[in-house]
Structures are given as structure tokens and as C-alpha cells.
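The structure appears right after this line, and notes come after that.
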Amino acid sequence: MLGFGPAMWFNDSYDYISVALRPRPHPIRPDGYGFWLLILRPLHSLALVAFTQHLMGIAAGVLIYALLTKKFGIPGWGATLAAAPILFDAYQIQLEQLVMSDAMFILLVVGVITLVLWHRTMPWRVGAVVGVLLALTALTRSIGLPILALVVVYLLIKRTGWKPIVAMIIACALPVGAYMGWFKAVNGQFAMTNSDGVILYMRTSLFADCHEMNLDKRKELELVLLCINTPRDKREPSAQAYLWWDNENQLHVFGSGMKFTPEINANASTFAKKAILSQPGDYLAAVAKDFFRAFRWDRPQFPDYKTYMLYEFRNSFTRELPKWSSYHSTTDKDAEAYENGPAATRVVAPWSDIMIGYQKVVRLPGLVLGLLLLVGLYGVAVRWRQLGGAVLLPWLGGVGLVLAPAATAEFDYRYLLPAAPLACMAAAITIAGLRERRRPGATDPSEPQPADPRPSEPRPADPRPSDPQAVDQQHHDQRPAGSRPAELQHRDQRPGSEAAEATEVTQATETADAAERP
């Protein structure tokens, strides 16, 4: 914050600022983060926005540490290692300095996973809280909605019961449904955005071949207009060129304000689905390429130099913000209105140089992320009888957050950061389970343990019971096994008693037996 104040900017940042200044359902992305900026708007401080996002990152790390130590019995040093990427990764810190929704999204995802794993048996009230968090997650980034399905599947596997699941679904559906109703009232479509079909079209733009799709030029003219006639081997290296970049590609010919209308979105969605169904091999190859791109040790430039540099601490920030067209305004005026003053990023040495050097050294390489997911996969496999146990949910969440952008949009480096804390959680629970299994008679910590694992001490009996018979019974129960009351021992030892005679016979027999043994 000292080196790059008041905040850093990404291309999407100006849309969020616009929503905070003029609230409306945005056609491209949900408004959850825009509402957060709206709450902070009266303070007119982008530095405060960045500060709260750094607090969100710290809070997510604290949740991971608390879950692993309190519920899974993992030592403090192990939980610290699991929380380290979200606390110290330079690209995580840089993302928190951007006016972007990712820090909030990460905190919400970690909060959902933590709350679900914290309870071995989930009351319906907790299920409702989880549902509200899931709704906020989906309204922050639409890719958060599938996490609801993962949580439902996990709770069904755990046989949690129907009450918390129903409460969770209702608590999630109400806010999301209300937002979709608002979206319909303004944009004419019951949806969260008008961009899902257009973005899926972008995913298929690198391989879609209208000759293989067999489009009818008369009946499907609206789809034919979306055909990309450039040979596949000569197309742009990034699919984002066919949606976001300023060029003459198909979607752009409709005009900058027409790409995200309900009609264009529906046509683009139909086109993309036809391309996937007619060319499934090409689609799977594109998805696999972007999925495995996430697990490289190095960090090559992608999708282009300009976008790549927006994720870097650097000294080359311009003093003026872009003057792009915005909703009833321009992007630079919106940013200055929110800040109530100059809003461009200011580079301040030596703090900027420290962060630039820090970013070159402290980061979580993609290869390490892949290894963490492999460790989590092993943890799921060894718990196959429990269908993965507690490892399953964070592992599926981590893999899903890497796979979903590759399947529906395109790879981007910032999409990897939400997957990292979940991968760390899954790996930590797996390793702790392996260590615990080596101890004889130990329980597997892959299931959440009670808050105090020590057995409760037995309460001492009342030394003054009212029933005399209870006193005798209490004394009898407290005697060591095989012991007899003193008065009975004295009585049995009296000469001439039947017990004494029996004792003498027994002792004589034992002596004779001992003499006969060699």
C-alpha cells in the first residue's frame, strides 16, 4: 500500500466503480463486489478499499489455520505452512491491491469450506448461514454458483440430513433469485448476466469451424454471422482477442455496446454449444491445454503483454487513467469521483522497489500448485471407503476453480489464486492423516475432531449417600479385584471355622502339587 497507492487498476475495475456510483445490474458480471464498493463509497478512499482487501486475505489465512489446528489436530507449524500462500504470495498481495473482486471471492470460498468442514453434524441454522455465504460468492463472481453443487454433494455423502441441505439451498436461492429478478426488470432476462454465452463463444473461437458445424445459411443466419473464417492455424494465440481486444472480429462488428445484449448472448451461446458438440475433440484439447498451463514452474506472458503486466508490481504506471467510455461517464471521471480526487496509481520508492523484488522471489509456482492437488488426490483415494472423507470438498473445490475457467472462458493467472488455499487445505489434511495412521491405535484426523479431544474426567461419587446399602455397594465396587473385606478375612482365619479348614486343605494340596513337579 505504501509503494502503490491509493490502489492499482485492472480493466474490469472501472465497471465495479461505475456500479458503485450508479447502481444497476451490470450486464457482464454480478454486482456483489460493486455493492461492497458502494458501502465504502461515502468514505471516498480507494486506499481503504485496498486495506479492507488485505484484511480479507489475512482473514482467509486465519480461517485456514484455525480449521486445521482446532478441528483436524494439525500442529501449528503445519497449519502455518498451509496458510502461507494466501498470506505471503506476492501475486496474492498484488491482487488485493487491485480494485477487483478476487480478494472478496477468495475469502467467501474459504469461509464456506471452513464452515462446512467445521461441523461434523450440521444444524439447519448453520446450513442457512452456508447458503447465504454461497449466495454472496455467486453474486461476487458467477463461477461461485457451482460451489453450491459441490457442497450439496459433499453433505449428501456425509449423510448430514435433509434439513441443513434444504436450509442451505433456500438461503442461497432467495438472494440469487432476487438479484436475477432485478436483472430481468432492467435488462429483460431472468439471469445473472448477459455474458455467459458470449464468454463461451470466446472459449470456442480458437477451434470453431463452421464447415464442420453444418450451419444452415438460411435458417441459422444469426449463427453464420458469428463464423470465424480465418484458418485455425492462423488465428490469434489467445481467445480473448475475439471478445475483449479492439479489432474487427465477429462480435465487434455489432458495436462496442451490443456484444452483451440478450439476443447476441443467446446467439453466441447457441453457436458455442454447436461448435462443442460438432468438435468435441477440439474442445477437450483446448480445455486440457489451458488446464495444464496452470501447472508450469515458470510464468510466461499470457494472454498478452498488457494483461500480463497488470498483475505485476512495476515502476511504469502512467499518471493518467484511461478515458474509456463508461455508463453515462468515462472511466477516469468515475475513478476520480469515487476517490474525490486523483485516483491514478502513485509509485513511491523505496517501497515500490521492495515489492518489485519481493514479487520476483516469493510466489507459489504453478508446479507446486499441481503437486498440492496431487497430494489431495491421494488423500481422496486412500479414503475411498468414505468417498474421500473431509479431503474431498477442498480438493474438488481447488480442481474446479482451475478447470472451470479453462472449460468456459480461457486461462488467466488470477484464476489460479482462489484454488491455492483449497489445494493447501486438502494437502494438509491428507498429510496429517498419513502421519496419524502411523501411530498405533490413533484415529484418522481427516474427519473433524471435537473442540476438546481429551476425555472428560469421571465425576467423584457423593461421599455421603443417604442409603447405607449404597455405601456398602460403593466400598465393594472400589475394592481391587479379588480383595475381600477385612472382617471376612479375620473371620475366615479363626481356628475351627469352615473357611479356615478349607484354606488349610487348599494350601496342602498346592504344596503337594509343587513337590511333584520336577
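Glycine is no exception: its Cβ is also placed from the backbone N, Cα and C atoms.
Predicted, not measured: the structure shown is a model, and the values here were computed from it.
Quick look at what TrEMBL lists:
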- 454-465: compositional bias 'Basic and acidic residues' (COMPBIAS)
- 498-512: compositional bias 'Low complexity' (COMPBIAS)
- 438-518: region 'Disordered' (REGION)
- 46-68: transmembrane segment (TRANSMEM)
- 98-118: transmembrane segment (TRANSMEM)
- 124-157: transmembrane segment (TRANSMEM)
- 164-183: transmembrane segment (TRANSMEM)
- 362-380: transmembrane segment (TRANSMEM)
- 387-409: transmembrane segment (TRANSMEM)
- 415-434: transmembrane segment (TRANSMEM)
| query | By a Cβ-Cβ criterion of under 8 Å, what residues six or more beyond either terminus of the transmembrane segment (46-68) are in contact with it? | reply | 1, 5-8, 37, 40, 74, 76, 78-80, 82-84, 86-87, 92-93, 96-97, 99, 103-104, 106-107, 110-111, 114, 117-118, 335, 338-339, 343, 421, 424-425, 428-429, 432
| message | With CB pairs under 8 Å as the measure, which of the listed stretches 98-118, 124-157, 362-380, 387-409 comes out on top against the transmembrane segment (164-183)? | response | 124-157
| List, by number or range, the same-chain residues at least 6 past the transmembrane segment (387-409) whose CB is under 8 A from its CB atoms? | 72, 109, 113, 116-117, 143, 146-147, 150-151, 154, 157, 196, 199-200, 202-203, 239, 287-288, 290-291, 293-294, 369, 372-373, 376-377, 379-380, 415-416, 418-420, 422-423, 425-426, 429-430, 433, 444, 446-448
| message | Let me spell it out: take the transmembrane segment (98-118), skip the flanking residues so only those 6+ beyond its ends count, and list any with a Cβ under 8 Å from a Cβ in it. | response | 7-10, 12-13, 16-17, 29, 32-33, 36-37, 46, 49-50, 53-54, 56-57, 59-60, 63-64, 66-67, 71, 86, 126, 129-130, 133-134, 136-137, 140-141, 144, 147, 151, 154-155, 310, 390, 393-394, 397, 401, 414, 417-418, 421-422, 425, 448
